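As given in TrEMBL:
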type    : residues                                                        : note
DOMAIN  : 29-214                                                          : domain '3-hydroxyacyl-CoA dehydrogenase NAD binding'
BINDING : G34, G35, G36, L37, M38, G39, D57, E122, K127, S149, N173, K305 : NAD(+) binding site
BINDING : S73, K80, S149                                                  : CoA binding site
SITE    : H170                                                            : site 'Important for catalytic activity'
DOMAIN  : 216-313                                                         : domain '3-hydroxyacyl-CoA dehydrogenase C-terminal'
Amino acid sequence: MAFVTRQLVRSVSSSSTASASAKKIIVKHVTVIGGGLMGAGIAQVAAATGHTVVLVDQTEDILAKSKKGIEESLRKVAKKKFAENPKAGDEFVEKTLSSISTSTDPASVVHSTDLVVEAIVENLKVKNELFKRLDKFASEHTIFVSNTSSLQITNIANATMRQDRFAGLHFFNPVPMMKLVEVIKTPMTSQKTYESLIDFTKALGKHPVSCKDTPGFIVNRLLVPYLMEAVRLYERGDASKEDIDTSMKLGAGYPMGPFELLDYVGLDTVKFILDGWYEVDPKNPLFQPIPSLKKLVAENKLGKKTGEGYYKY
């Protein structure tokens with residue numbers, strides 16, 4: 001009897017799994033909102049892996065710049081990937097670019113898309129306004145995701161009526177090179193949505209990791225406190241910036257020291273993340289404000305992009 005019961009349960013379970021899989025959304029059409037470095041990178045990898053992409057931003061000038069950047073990036077990829085066959089490389093570039101169209105009106109293009117990826121400014125109000133508007137025009141099956149690195153996905157999803165079809169897909173810069181994607185599942189995200197996004201991420205040639213909707217997800221939650229502890233070590237006078245960087249490169253095998261990485265990422269970006277966490281949990285010692293970071297950002301010394309941060313460039 002126990003054997004029969006086990007067989008029946010196994011049969012029902014297999015049937016349920018097959019049914020759930022059959023209902024998964026196969027993402028073919030992708031709309032990327034935001035033509036900056038992250039948005040353009042996401043559009044590029046999606047188009048290069050056989051997806052039809054619409055890239056959206058506020059002006060045609062921004063979109064033209066985005067397309068130019070994508071083409072330059074694709075040519076670098078093609079030169080390496082098709083080193084023995086330049087003609088095939090040219091065909092790859094042209095085919096990928098032909099899969100990307102552009103628009104300045106997101107509401108007019110989301111009606112026929114399977115997935116909307118938002119990669120705009122890290123401002124909750126702006127993101128909420130965007131998704132609230134798009135929710136009215138997108139198809140019922142369309143999945144919404146945010147590429148935010150610091151805001152809670154749940155707070156963004158609550159602006160819509162499709163919380164079960166809302167999640168986070170956190171890509172890393174530069175998107176064409178970085179293999180990792182954090183797939184963020186909120187308490188409302190359905191299993192169908194989650195599995196569909198895992199499949200989509202793999203189709204991009206990326207490696208998905210799963211995380212709950214916790215501040216900073218996995219990478220930033222571990223990385224930012226590490227960077228801030230390095231700065232606190234320096235601010236106390238316990239070691240120089242140079243020696244801290246050298247120690248982490250030669251002692252821990254890191255490709256960059258913490259101060260080099262801070263300047264590379266952008267001090268304004270790191271401060272924004274830390275400020276957001278401090279606002280949510282002001283008693284956490286890891287989230288306390290950093291005097292030297294605050295001073296440098298106020299002086300517009302943001303790192304490599306401005307020519308000076310913790311180091312001069």
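Each residue's number is its place along the chain shown, starting with 1.
Glycine residues also receive a Cβ, built from the backbone N, Cα and C atoms like all the rest.
Worth saying up front: this structure is predicted, and the values here are computed from it rather than measured.
What TrEMBL annotates, mapped onto the structure for a quick look.
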residue	record	Cβ within 10 Å
G34	NAD(+) binding site	24
G36	NAD(+) binding site	16
M38	NAD(+) binding site	21
D57	NAD(+) binding site	24
S73	CoA binding site	21
K80	CoA binding site	9
K127	NAD(+) binding site	20
S149	CoA binding site	21
H170	site 'Important for catalytic activity'	24
N173	NAD(+) binding site	14
Nearest-integer angstrom distance between the alpha carbons (Cα) of K127 (NAD(+) binding site) and K80 (CoA binding site): 37
Local confidence of the prediction over the domain '3-hydroxyacyl-CoA dehydrogenase C-terminal' (216-313), expressed as mean pLDDT: 96
Between H170 (site 'Important for catalytic activity') and G34 (NAD(+) binding site): CA-CA distance (Å): 14
Spatial neighbour of S73 (CoA binding site) that is closest, considering only the recorded positions M38, D57, H170 and their CA atoms: M38
Maximal Cα-Cα distance (Å) across residues annotated as binding CoA, namely S73, K80, S149: 30
Per-state residue totals over the domain '3-hydroxyacyl-CoA dehydrogenase C-terminal' (216-313) - DSSP helix, strand, coil: 65 helix, 3 strand, 30 coil
Euclidean distance between Cα atoms of M38 (NAD(+) binding site) and S149 (CoA binding site), Å: 11
